[in-house]
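Feature annotations, courtesy of Swiss-Prot:
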- 223-239: compositional bias 'Low complexity' (COMPBIAS)
- Cys49-Cys100: disulfide bond (DISULFID)
- Cys149-Cys198: disulfide bond (DISULFID)
- 142-205: domain 'Ig-like C2-type 2' (DOMAIN)
- Asn84: N-linked glycosylation site (CARBOHYD)
- Asn178: N-linked glycosylation site (CARBOHYD)
- Asn211: N-linked glycosylation site (CARBOHYD)
- 220-239: region 'Disordered' (REGION)
- 1-21: signal peptide (SIGNAL)
- 22-245: topological domain 'Extracellular' (TOPO_DOM)
- 266-341: topological domain 'Cytoplasmic' (TOPO_DOM)
- 246-265: transmembrane segment (TRANSMEM)
Amino acid sequence: MSLMVVSMVCVGFFLLQGAWPHEGVHRKPSLLAHPGPLVKSEETVILQCWSDVRFQHFLLHREGKFKDTLHLIGEHHDGVSKANFSIGPMMQDLAGTYRCYGSVTHSPYQLSAPSDPLDIVITGLYEKPSLSAQPGPTVLAGESVTLSCSSRSSYDMYHLSREGEAHERRFSAGPKVNGTFQADFPLGPATHGGTYRCFGSFRDSPYEWSNSSDPLLVSVTGNPSNSWPSPTEPSSETGNPRHLHVLIGTSVVIILFILLLFFLLHRWCCNKKNAVVMDQEPAGNRTVNREDSDEQDPQEVTYAQLNHCVFTQRKITRPSQRPKTPPTDIIVYTELPNAEP
């Protein structure tokens, strides 16, 4: 039984480790940028670190430069703790990859797991590129469309962003053609429109981008039979992964507890049933049946021997119980005369 209990506890532990993944003392917080991760030169961005864990302190630092770590006291509202870090006015030295951590009051030197990385990019440093659409900015639903970003500047990389999306696409610039460098972004069959912009950057300064191109509105006409959901629209079939992990972990714990309880109850019932059966065995199988020892008549004594619920009987017959049949030998007595002295 002890082996079964240990096995179930181990299974529950590893499943819970899968439902709630973490590296630090507490779960990782989330890091967001307001109004967005692309920040124009000299403007300010707010980096918000938040969590449903009641952290008292939040720390923010930029990768590669730990001396830039910032510390704020957390605010608590509606079960959420958060801290807003103001970064700006934006310069090249402030661009980079940021992470944040949480900490509670009684353990200020024990940090949570780090948040997911957030790239903060400074824009507006170089000449803006041009953005165009092929076959055009207005396409039929399901029709393929390609956006081309080009410039006379020798950018190594071009970046395409869609309004409302946090992540951008990037492609290396192609060879110079007719005095311009260009990168093509195939979007595939069009299902949803949107406003797009592109930027250029150099390989040795990936967080420093050019001015954005003029915005390009891509319109999709018609109703496709099977349209994909827009990346900016929440899907009703997709829930919060963290809440889903919590729900799965709780269900696993409850199931393991019920199985353990059923196993212990089954063992207890079996032991109790065996004890009752032993107490109710016939008394005749465990006692010696005999008459009063003072009587002279021969008698038969029957013993019952109990050995792990298997009964064997021995029948013992006293010598007087042997059959009273006359012996076959004939004995003849002869009277002899007394000898005189």
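Glycine residues also receive a Cβ, built from the backbone N, Cα and C atoms like all the rest.
Sequence-distant neighbours of Asn211 (N-linked glycosylation site): residues of the same chain at least 6 apart with a C-beta under 8 Å from its C-beta are Thr123, Gly124, Leu125, Tyr126, Glu127, Lys128, Phe199.
Cα of Cys100 (disulfide bond) to Cα of Asn84 (N-linked glycosylation site): a span of 11 Å. Per-site Cβ counts within 10 Å over the disulfide-bonded residues Cys149, Cys198 peak at Cys198. For Cys49 (disulfide bond), the Cβ neighbour count at a 10 Å cut-off comes to 27, with all displayed protein chains included.
A Cα-Cα distance of 14 Å separates Cys149 (disulfide bond) from Asn178 (N-linked glycosylation site). Residue pair Cys49 (disulfide bond) / Asn178 (N-linked glycosylation site) shows a Cα separation of 47 Å.
Highest local Cβ density among the glycosylation sites Asn84, Asn178 belongs to Asn84, counted as other Cβ atoms within 10 Å over all protein chains shown. The distance from the Cα of Asn84 (N-linked glycosylation site) to the Cα of Asn178 (N-linked glycosylation site) comes to 48 Å.
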